[in-house]
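One structure is given below, encoded as structure tokens.
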């Protein structure tokens, strides 16, 4: 776990520093000459850490936040800050502690929510692009922006009280202008120039990384000579860095790796030097722990109360409150700054740092137990093609992994045969890997306002043309999701729920990366509707919209829920004038199907299909008798190259006669099922594209449970 590892790394760096308070060890660990070098590296570390933190901060996200995120963000800072400040004043008198400014400082810094800590926690929990994750990110952004503005405002007030005269205050602010001007009008345009000079898909040149690193150091130096803190310039430079995913990812990878592996430990060693729990009295420990407890409890209560008011489930509200209460490295950075610049007592600083390290670990474990995003995907009614009437609108979510998938997906959608009686609504979801250093995004594209530039616009334009050519029959909405591979399926499942879709179409290739295979597998397991995996062999790249080309489609029917769903999809296709459809049913010679209910369901589906297409010359039906799996492979091999598209069900009874001996054929972890995996195998030499259909998983599980009950009932008889 990222967060646990961070705490472990911090513990390794802090532990020797903590032991340094023992005099004998101190002589060897912290000699004066070595500490001068370590302090220098610590300053460099702070400069680059703050630059990278401000680089990741996207202020424009705040403008897009919904009302709930803004209210939760404000409540999570204002409520605990006010209550903790009042309680701190009371506890100071109760414990008779001689504290003044530190009381208010501790009340504020324990109430702050760090966006970067929340981002790391969500990344660790694989919740970045979940509904809860997006709300937590937005809320932490609002809370962080408000809290840091509060801190900066009071820092300026303190500086003003130190300067005394109004003229001094005015001159102090004016001296910041040259630094901001150089960053905005010199360094920012230079970075844009570097981005334009870098070919698409190529990393930034090492010389560019070196130049940007020099800019960071120069900004720190500029702040010092102007009489300001050396961290002011790097923070402004990070905020002014162009919002370009390619640039940000390269900077996070190149500079971030060096900073995290070398400079951050130097900073943590300095933090450890400031920890000394041996000097803490009972009063100090009790005061600090009660203050942390009050801050945590009031923040948790404010978040839960606000969430419940907006009708959020209690379990999700509690998970959100725990996530926004997390502490981490950025909080340690804040505590260290308070320790140095405000004079926070060593005892309080030590307790704050130790509790921050422990809190992140416990919160992570609690949220794992409480929140499971897949719970929302449990469908309480079937969302399948079979349960969608032939004269009803069919909602489809079409996923894209790359631009090459567009033409084949459009062809399959056209083959679905949209008519005025049975139109289709297509929700196109372009799945993009989240680039390191950027936030997960979910973008809705307007088909009425499409530019000709960019790959995403090309995708939208292609589907816009498809909608125009089928005006009144097809409606299209295009979306793009930037998400980590581990949680990419969440956006697909969420869209299925929002659109009440009955089918998800996902492209599938043998050369897909293991990460992309994992995405497809998660969709198969968790999607609250039926799923179709499309293996394109290139023959689907020809458009059939013109009416001059014919698509030959074959359905291989063995039996089972997935095969019936496949046949239901083929039933919709059968009305298309440019499709010649063949249904090939493989029947066992020994007729040993023991489940009479399943046998009747298969027969009813076949009979209904034949009755509906009895007078259609473009639809044919064949039955072939098979003794074992070898017969099935022989038949498939003989006919597969006669068709453009072969449709098969994904799951079958593994004990069925038609599949005996075929389980060893698998090449792709059985993601396509036994039949689909055989036909997609490179040894099978099948030139036809393959559409592997899986009926809604929850419906199939329920059906299997019913079958087990019936089998037990029959055996008892």
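Using the three backbone atoms N, Cα and C, a Cβ is placed for every residue, glycine included.
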Exercise. Looking at the candidate ranges 35-56, 321-342, report the one that TrEMBL labels transmembrane segment.
Key: 35-56
Self-check item: DSSP-derived helix, strand and coil totals, residue by residue, for the domain 'Cation/H(+) antiporter C-terminal' (551-696)
Solution: 58 helix, 36 strand, 52 coil
Practice problem: Could you pull out which residues elsewhere in the chain have a CB under 8 Å from any CB of the transmembrane segment (35-56), counting only those six or more residues past its ends? | Solution: 116, 119, 213, 216-217, 220, 230-231, 234-239, 241, 248, 251-252, 255-256, 259, 262-264, 266-267, 269-270, 330, 333, 437, 439
Quiz item: Under an 8 Å Cβ to Cβ limit, what residues of the same chain, 6 or more beyond the ends of the transmembrane segment (103-122), are close to it?
Solution: 2-3, 6, 53, 56-57, 73, 76-77, 80-81, 84-85, 88-89, 92, 128, 133, 136-137, 139-141, 143-144, 147-148, 150-151, 288, 291-292, 295-296, 299, 323-331, 334-335, 338, 342, 344, 348, 352, 360, 363-364, 367, 439
Quiz prompt | Overall pLDDT of the domain 'Cation/H(+) antiporter central' (451-538), taken as the mean | solution = 86
Quiz item: Under the DSSP assignment, what numbers of helix, strand and coil residues are found in the domain 'Cation/H(+) antiporter central' (451-538)?
Solution: 43 helix, 21 strand, 24 coil
